[in-house]
Each structure stands twice: as structure tokens, then as C-alpha cells.
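Enquirer: Provided herewith is a single structure, encoded as C-alpha cells, for subsequent inquiry.
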Amino acid sequence: METVSVLVFLASFLTVLGISEALSSDQRQVMTRIKKIASRDAQGEEAPADRRHVELWRKLLTWAGGLSLTRRMGLLVDRKLEEADVLLRGGEFVVIVIACALTSSFVSFTITLNPAGSIILGLTGALIPFAALNAARNKRLSNFNAQICDALTIMANSLRSGFSFLQSMDMVRKELPDPVKKEFTRTLKEINLGTPTEEALENLAKRVNSEDLDLVITAVLIQRQVGGNLSEVLDNIAETIRDRIRIKREIRTLTAQGRISGLIIGLLPLILGGFMMVVKPSYIMQLFSSRAGLTMMMLAIMGEFTGMLIIKKIVDIKF
């Protein structure tokens, strides 16, 4: 009976996707195309063998991500994908989330024959792409912040040597690796395509979403309006950012124990619950078969999230 319900759900879901695609036209905005063209930088094209290897799956993912419903849902994560430099559209990411959820639920149901546990594990599987996206975004942001001081030093020295501001940005693009290289390359391409310099710099700040870069761009925009020694300003900002990075590392070291404790305490109930769901489902199902059990589950979930938020707030030191 449960298998029939799953098949009916899948059939209904695919039917809704097909109808929504038939009723809507797949219109591409000009600015989206320009952004994609501008983002093709020194990474180059994929090797022909690699393209042939993933061509079928890529076409399937692109088709599913292009459906009107998934495309509209994907608008919610387009910004995060751009910040993480993940070469996926929002609709394609939504398809991956749905696939992870269905796969986790199907595998769990095949092993345990437990519908409630399958739904829970399916929802957990849907969170995996979001966790991976957030990790990729944080890693890229950390790498960018680690390179920004060197970029400012190169720009300041280039300005002292007589180069213009755009020439100094081009020097940074040539000297530093990704992600600074890719972002500066895209900014220069936007300027070459006719975008005003101020707007291109603001787009750079929105893509990266870095506090340190916001400080740099704000200083540059003010200098372009009122004048001043830009090389000296960049040197001062670089020194300030170095001090901020040093303090952040010291704070991260001092709060490492609290962060790890919070992670372990937060994941331990989920790990034990999943283990018991696989080993002895009847033991866990008692929580779902009575009102008292459901109340305990709700209170446990609320307490779990509250505790994690409190620990995160304690170790998240602002300065």
C-alpha cells in the first residue's frame, strides 16, 4: 500500500511539472545571459572527453531545472549559488534537492519498511545539498578574504607606479589566483561591456558578500567622488583587514571547544535516533503512535534548536 502511495505521489508531482511547463514559456532575460557570458573567464572550456562523459546527465538536469515550477523555486537560491560560485541554475539545484530527498526516502523505506522514518530521512536528505552549498559559499568567502590584503597591496603599488585604477585591477587579475582572479575578471568584463565603474564595483560587492570587500569598495567610491590619495587609502584598509583577520583567527581558536561541543550535542540525538530507526524501528515508532510521544518529539525538537541557537550565539563573538 505504501509503495502505491509513493508511486501516486511521484506521478502527481511529475504531472504538475509537465502541466506547468506546458502553460508557461521559457523566456531568458538578457541580463542573465550577459552575466553568464561575463563569468566565463580563465577557467576555459571543459575537455571534450569530460563533456561527452557528463553530457546526458547534464541535459537531463538542465531540462528538469528549466521547468517553470522548479525555475521559480530556484529563484530563492540563485543568489547563494552565485556567492558560492556553483555552476548551476536555481532550478537545477532544486532538482538535486528533490532527488536527494526521494533517494533518501526510498532507500530508508526499502531497508526499514517504515513510512514515518522514510519521510524523516527524506527531509534530512533534502538538507544535504543546502549544507554543501553553504559550506562551499563559506569556503570561497574565506579564500577571498584571505587574498584581499594581497590584492590591495598590489593595487596600491600599481597606483604609485602610475597605473590607473582599472589597470591596477587588471594587475591583480593577472597576479592572484581564484577567487579574486575570477571576480576581478568579471568586473573588468562588465566595465568593458559598458557598465559604469561604480555599478560594476557594487555588483562585485553583491556577488561576494564580504564585509572586507564592502569596506574597500566604499572607500574607492568615496575617493572617486571627493578625490584623495587612493594608494594610501588602500594601504590603510589592507592593514585594517590584516588586523581583523588576525583577531578572527584568535577568536576562532579560543571558541573551538564551544563550537565542537555544540555540534556534537546537536547531532547526537539525530544520530542515535537514526541508528535506532534502522536497528529497531518499533522502539522509535512508539513516539509517533501516541499523543504523548508526539508531544515529547515536538518538545525535543524545540529544545534541540533552542540549545543550538544559544550555543551558536555564545561562540559568535562580534567585534
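Every residue gets a Cβ built from N, Cα and C, even glycine.
Grabbed the feature section from TrEMBL, which reads as follows:
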type	residues	note
DOMAIN	152-277	domain 'Type II secretion system protein GspF'
TRANSMEM	90-111	transmembrane segment
TRANSMEM	117-136	transmembrane segment
TRANSMEM	260-279	transmembrane segment
TRANSMEM	291-311	transmembrane segment
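How buried are the listed features, and what sits near them?
Expert: Same-chain neighbours of the transmembrane segment (117-136): 77, 80-81, 84-86, 93, 96-98, 100-109, 270, 274, 277, 281, 284, counting only residues six or more beyond its ends whose CB sits under 8 Å from a CB of the stretch.
Outside the transmembrane segment (260-279) by six or more residues, the chain places 108, 111-112, 114, 117, 120-121, 124, 300, 304, 307-308, 311-312, 315 with a CB less than 8 A from a CB of the stretch.
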Enquirer: Calculate the per-residue pLDDT averaged over the domain 'Type II secretion system protein GspF' (152-277) and state the result as an integer.
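Expert: Taking every residue in the domain 'Type II secretion system protein GspF' (152-277) and averaging pLDDT yields 90.
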